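What follows is a single structure, written as structure tokens, with notes after it.
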Amino acid sequence: MGLVASCFGGLAAYAAESVACCCGSAACSLCCRSCPSCTNSTSTRITYAILFFLSSIAAWIMLDKDVSKGLMKVCCYHSTLFRLVLFTQPAIKTTTNVVPWGELGVMRIMFSVCLFHLFLSLCTIGVSSSKDPRSSLHNGMWFIKLILLVGAMVGSFFISNSFFIGASWSWIGLVGAVLFMIVQFILLVDFAYSWNDSWVGKLEEGSKCAGFGSYRLISATVMLMAFVITLTVLMFHFYTNGDCKLSNFFIGFNLALALLVTLTSMLPSVREALPSSGILQSSVVAAYATYLVWSAVSGVPSTCHPLIAVAPLFLSSRGFLPPLPYVALKPAECGGDAGTNTAAIVIGALLTFISVAYSSIRTSSKSQLGKLGLQQGSNENIYLMDDKAADFDEDDEDRRLQRVVDNEQDAVRYSWSFFHLTFAVAALYLMMVLTEWDSSDADVRIGKGWASVWVQVVSSWVIFLLYGWTMMAPVCLPDRDFS
């Protein structure tokens, strides 16, 4: 309960700090005088990312069934309204005949976050500049929005458990998670190409740092390939013992796909049709796909688990890492080892939030909307500009004051509606990840189970497929413009 109080206390503290900004720009300048000036298009996205991070921590804590059940009792059991909801709802049936309080807590938190961003997405449809009266819903009113978000989280505990356990919400969560994963995979491939184009472009310019740039390009490629090879060897050594034939297939097939896309990227026909193709992109895609396979095989419900990954357990026991309430630190009935799964969960949680934040911010820009096939046309009033290029006409004294400069008076820098829509499906994706893709079991250990295994394995195959198509499409369809 202390963790819950501290988490929601953090939200309350953050809300209190935002009250000053609600009172006017002078208060912000007084509180943040030493901070550099920034634009509202940047500060707004950062603020929403922080809110999503705090909400994710709250959902993480809710994985402890005792915390979720205790919060429900403290907040609602003494409420007459909740008594009516509790005693009139149908009984929950699970394989163990025990209510999955941890999963229910996660679903309620992410349900609130999803509704919050869906509401803002609907309210900001068609906004073309900050002069629109609806701009305050997106760039301001932070204290009110924080109250609404926290209120939605608390209010979600009054909703019948059968709503979250039922098939309808499960399908909604699954569809939203799959949509976010597709966007995430497209951005991963795009990131690989952008990274390669950036470094190769500097080499072709012939700058003084060209030699260092070549060293960076080669070093990054070698390090990523070394990561793929090392992790693959370790997986073959630790995860292919006994009757682990399926894990053996997953690892071997992933290695074959990695070699295939790497060799394909070096084919003369591919290089001619797509000059930007290279081994760096293949290494980025292969590294992420190999991580997904490792995370999958570490969650296979069998005896195919080594006694490794002691570091996360050691750091957690010494207080350097927060306790992970959803990880059972003992072998499960299936014979799996919790140490390996703990490492997969810690790394997976970090990568999940990074990808959520990156995807939510990147997909809202005009260039990314075009790559996703969602650009609204050439007349779309979205300017993709460098926020640092905003002109400041104020005097020197005002420049020393912290101000959030409105750089969207003429046109918005990104699609506000699609920005919130991405956060909404990101909340559903994180909900499905934390609930092991909604297994609806009471004693669930996150990351364990065939649903989680197959989702991650198939995801690795889809990434290879998307990347392979980006290389072969210009060859197979030379008349089309893929720029």
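In case you wondered, yes, glycine gets a Cβ from its N, Cα and C as well.
According to Swiss-Prot, the feature transmembrane segment maps to residues 109-129, out of the candidate ranges 67-87, 109-129. Using a Cβ-Cβ cut-off under 8 Å and counting only residues 6 or more beyond its ends in the same chain, the transmembrane segment (274-294) has close neighbours at 188-189, 191-193, 195-197, 199-200, 217, 220-221, 224-225, 227-228, 231-232, 235, 250-251, 254, 257-258, 261-262, 265-266, 344, 347, 351, 456-457, 459-460, 463-464, 467, 470-471, 474-475, 482. Through the fold, the transmembrane segment (109-129) approaches residues 52, 55, 58-59, 62, 135, 137-138, 145, 148-149, 152-153, 155-156, 159, 164, 169, 176, 381, 408-412, 416-421, 423-425, 427-428, 430-431, 434 of its own chain, all at least 6 residues removed from its boundaries and within a Cβ separation under 8 Å. Contact check: the transmembrane segment (457-477) against the transmembrane segment (169-189) gives at least three Cβ pairs closer than 8 Å, residues 6 or more apart, which meets the contact criterion.
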